[in-house]
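Working notes, structure below.
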Amino acid sequence: MTAAENPFVSDTSSLQSQLKEKEKELLAAKAEVEALRTNEELKDRVFKELRENVRKLEEKLGATENQVDQKELERKKLEEEKEDALAAQDAAEEALRRVYTHQQDDDSLPLESIIAPLESQIKIHKHEISALQEDKKALERLTKSKESALLEAERILRSALERALIVEEVQNHNFELRRQIEICQDENKFLEKINRQKVLEIEKLSQSIVELEEAILAGGTAANAVRDYRRQISQLNDEKRTLERELARVKVSASRVALAVANEWKDENDRVMPVKQWLEERRILHGEMQKLKDKLAVSERTAKAESQLKERLKLRLKTIEDGLKGPNTFFVSPTTKTEKSGKILGFLTSGGGSKKRSSSQLRGSVTGRIHAMNQPIDRVGESDEMENSKITANGLTDQHEEDSERKTEEDGNVYSEDMVSGFLYDRLQKEVIALRKLCESKEGTINAKNEEIKMLLKKVDALTKAIEVETKKAKREAAAREKENALAMLNEESKLCRKAKLPRSRIPNPRCQ
């Protein structure tokens, strides 16, 4: 079989050729690696040599600096010697002048014998000064050459340090990239773990939401039953009060009828005075005033409870609005948020069973509970209205306290999980709307209560005015009766005085006067 007939042979040959090419590439890569290693070694050697050269140059620089310092000291010494020589020259000239003056005075000593040694000393000092100046110039040239060599060494050292810094920066950058890769891998693992925990917690929360819905429905039915019983008790109490008032009115009317019947066959002077009737009416009026005062106190307490409830509802509404605004501050991408809300809704709607409900069923239960909370209660009479309003205020405050606690717990759970689903958002929005409606209804009831309080105050004022009128009328009637009695007594005494015909009638009678 030839290579054309057998495809395996061609494949193996192509694979062998590819293997050879890969081996060549591997050898080339190894050669490059070796070249890079040799370059690195050469660079290290060059760095070492440069460091040695720099160290040697620094030593030479130190030595030259020491030499320069020594030369400076020598130069200072020479300058001092020069100054001393100049001072000696001046002293010699002064001595020459003196000698010259003395020679003029006394020609005993020759002038050349004194000047010759001084001139020889001056020449020697001048020669030393010129030699020192030449040494100084040579030292300056040497220092300049040393400084140029030192600058060149500093430039070479700086370039070597820059290369070393570049290499170190590349190595540090590589190490930082490796560390960031490890951190990203750890974060990825941690996020996967948190995602699994969030899914499990969402399932638990959905189950707890269903249980809370059932508990809320059961609590609503129990609260409605208690409210019905309280309303029935208040109705019975109001019926009892109305019957008592009717009985008192019947008694008053019966006493009036009996008084009228008793006074029909009597004279004007012998008629029974309506004091008992007045006292009875006064007692009844005082009783009604006391009842009105009690109703006023009850209405004030109810208004106070309504205001407290209104403040609590406002505070709760504010907290719910802040809670609804709060989740927007979380750092959650929109895609992950939609995925989480879709998972929650899918979990709530896909699973079967009697314990799981849809969002529409939950909205129906919540609206039914809100409707049960906002049911109007029948009122019978003014007192029934007051007491029923008190009962409803107490019931609503208790129920709203429970709702507020439950909502705070739910809000805390939702915020602690760092997510808010569309399901819970709809539910919270429904409850916010219900609370706003409840606040509006409560404001209406408070206004109605205020109007009723004003009407009751007007009635109390009217009753007080009527009582004052009745007291004034009774006082006027009592004064009129006293006047009539006094006039009757005077008439009787005048009649007796006229009928008396005895002589003692002449005696002045004080009654007749």
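Keep in mind that glycine also has a Cβ here, set from the backbone N, Cα and C atoms.
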Next item on the list: Give the range, chosen from 1-20, 101-120, that Swiss-Prot lists as region 'Disordered'.
Entry: 1-20
Next item on the list: With DSSP as the reference, give the number of residues of the compositional bias 'Basic and acidic residues' (60-80) in helix, strand and coil.
Entry: 21 helix, 0 strand, 0 coil
Check: In the predicted model, what is the mean pLDDT computed over the coiled coil (426-501)?
Finding: 77
